[in-house]
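Before any comments, here is the structure.
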């Protein structure tokens, strides 16, 4: 980062009565002669010295301002089902699954009663919140088959609908795989272990999983054939499966209370605190030569743990009266390979690199979050009712009531089961996942009444039923997605067989299901399919929240008990559970959804479903705009939002492209940039040209890498058009606050005084709008955005204008073009100011602003108004008078013109000062621009027939030559003698001029010229080699007389004379930089 150089200019005034020209020397109360050019600013904006004097108690010195729907579903068939049959019971059947029977006891034993209760409660809360959101969506119109896919697609658009539809399809397919593997596990582990084809699977887990893979594949083929042959059979079997589920759960509850005091049917053999397997209770002893000794003492060398611990028989079902509930309160999470044992002593649970013998150990690492993922599939299936909305007598009533009641019922069952299992079964038996310590029996089945076979057969049939339902629903969901034609590569699966069955979709479903079966482990499948269901449920919640917050006119659900906060809570829960369970699986699911989303977006989904996301961007923009409308940004948040007023050439291209480059450097890609232009004329006739000009502006902005907006206005008055842009550009709080206006380079040579009047009119409009204004002069000498420059950026701080002069160089230095520049700040002081203290205060101010700066104090000694100043003022007044006469009568000036022409050719000299030529002229930026004199000669030769234009060029060249020669020769001459009007600073240089009426310059005009001349001398002496000079732009004259406006333009020319690149800045009347964090 470069440093900032700060230079203070001390201006001293020695009061007196009058000077040589009769002008009062007494100091004005509001401003001295040296700063008279800025006296209107200082009336309401403090001088830099005044501002610095209050730095000790710094605060904001300027207060802040305050047709028919193409996707309409077909008419529903005659309604016939009520809430109980159509929604409640199907949801019960789909929610209760295999996890309840084969994993819930293990979850309770591993997590403990407290954490197990939290696991189940978290999952149930997630589905309850989702059900509330789903009820609102489902009652906002008819939901045909497709369930969540249809709801989300019509709510969030085809991209989200397609992505979530595929997730729901994948989850349903993997659920079928989990049900099949679970059914095989029930048969092989608990009903018919002798069917194993890979040996004794109790000793080798891989053998067990291989059995699951083989038998699972066979069962999948059978179930696939059943689905292919007849869906009617599947629907009839669903009734049987439902009856089995209800009967099994009832048997478990009855059995728990029948065994209130426990029973001796299940007894376990425990070595020390470790649980043993494959040992009959009669052999559970350390008798010499017994079965245990043979196991633990091979080759006469006994296991150390066996030697130091005794053997005991423990009752498995202790009953609610035993108080075992308190032993099961705490969790017993294990890592892979640790023994199932009482307590957490390392000596009891660690293998210590010894043989495992027949001790039971953990087959996977368990944590609270992993168990959530394993259990979550037990609470899925809540969409069953919404999928049947077309068959319901009153869907708007049945879906919310049936679904929520089903969730409440299943939640009560699950939560009560956690507490009852923890209060009935011994901790070791709960954690024995496959019942190996009790001879391969299912723990839940052995709690039931009257017999374990009620549970075994019931759980097997209910699991088969759930698997058949999944295999039936998934292909139809895939077919529905394919028929919507939003995912082109799924088109082949939209075809139905001659019987109307989705045969192709069924084959794909079976293929994916087979991949899940090859995993062979419910504990792996459960977390994986949990991700897909959680993503789906999350999108349901998101859809409801968006529709509620956006308040779309079509959002009129009959279900009234919803709220956006509940939907958002459900969304947060879904995402949290996903990442808590497995960040890896979560990323896979989200990556899959993202790829499908981008694919649909890339292929250009042509469906228009009136979805919520289409209006989300507009609503977000509206919300942000309304927030911005509450008031202007805080000083800390202020940044220039730039409005560039571009001038067009005859080809309707921007005349000064570097204004856009400068805007880009100032913005560094941030904030708002609007580039506008005005065409003169009638809009009805120039609409085509306006469109072309707008395209040219856009192309120019793209070439300069400026991000923003463009606009072109056709107006009968250019000044009015620019004023309209200043007043109306932007929307709400997103309005430009800074205007960049080009300098009217040819204002002296132009016959039409509108050249500077348009500029002044714009300055006044920007001031009235309380916007900041930047006027770059010499814009074609500014660097391109591709260049890198080094040197100084000099800031001449004359009045405190909200800190714009401090902020602009800092912002420019953020761009690579200006990054290597150092910065210096010059400020103006009065005689009574302490320049040493002022420098110290300014250094502290810059330190508190976190700006690195060099501070240099320049004391500018005052002198009387010089003869040179008076002469330049007089010449300016003479020029104005000539222009007045020129406008009044062309013929009366012919004699005067000839005299001026004669003098012009006799006294022509080359100016040594740097002057601003029109930036469009072919000028080498490394050379000083040519004086307008040369241009005048060329134009005079080219436009001989245009009398007025030639005369203006001659007058201006005469003015430039005499003024510059007088200044460059450096010999101040005595003031003009009223009695001898033909003498001046150059002797008889103007003897050949025509006689002009006596002109007495106005006092204010002389003092303003004095300010411009003196400041220009100091600025040129110290900033002649600066890469950029930034200084305050004096306010325009309040008097709109032509002479005053012409004088104002001349003051600015004198003020910037001899400087190649100048940026004149006028603040918008508010603080833009602060010392506070």
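Cβ coordinates come from backbone N, Cα and C, glycine included.
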Item checked: 916-945, 1006-1035, 1036-1065 - the range that TrEMBL marks as region 'Disordered' -> 916-945
Next item on the list: Out of 63-84, 85-106, 261-282, 283-304, let me know the one TrEMBL marks transmembrane segment.
Entry: 85-106
Notebook entry, point to check: What range among 484-505, 506-527, 528-549 does TrEMBL describe as transmembrane segment?
Noted result: 528-549
Next item on the list: Select from 399-423, 424-448, 449-473 the stretch of residues annotated by TrEMBL as transmembrane segment.
Entry: 399-423
Next item on the list: May I have the DSSP-based helix, strand and coil counts for the residues of the domain 'SLC12A transporter C-terminal' (1007-1077)?
Entry: 31 helix, 10 strand, 30 coil
Notebook entry, point to check: What else in the chain is close to the transmembrane segment (212-231), if you only count residues 6 or more beyond its ends and a Cβ gap under 8 Å?
Noted result: 177, 180-181, 183-185, 187-188, 195, 197, 464, 467-468, 471-472, 475, 501, 503, 506, 510, 513-514, 517-518, 520-521
Check: What parts of the chain pack near the transmembrane segment (163-191), using Cβ distances under 8 Å and only residues at least 6 beyond its ends?
Finding: 97-99, 101-102, 146-149, 152-153, 156, 201, 208, 211-212, 215-216, 219-220, 223, 377, 380, 434-435, 440-442, 445, 456, 459-460, 463-464, 466-467, 470-471, 473-474, 477-478, 480-481, 487, 509, 512-517, 519-522, 525-526, 528-529, 531-533, 535-536, 539, 589, 592-594, 596-597, 600
Item checked: Intrachain residues whose Cβ lies under 8 Å of the transmembrane segment (237-258), provided they are six or more past its termini -> 89-90, 92-93, 96, 100-101, 320, 413, 417, 420, 424, 444, 447-450, 454-455, 457-459, 461-462, 464-466, 468-469
Item checked: Within the predicted model, mean pLDDT of the domain 'SLC12A transporter C-terminal' (1007-1077) -> 83
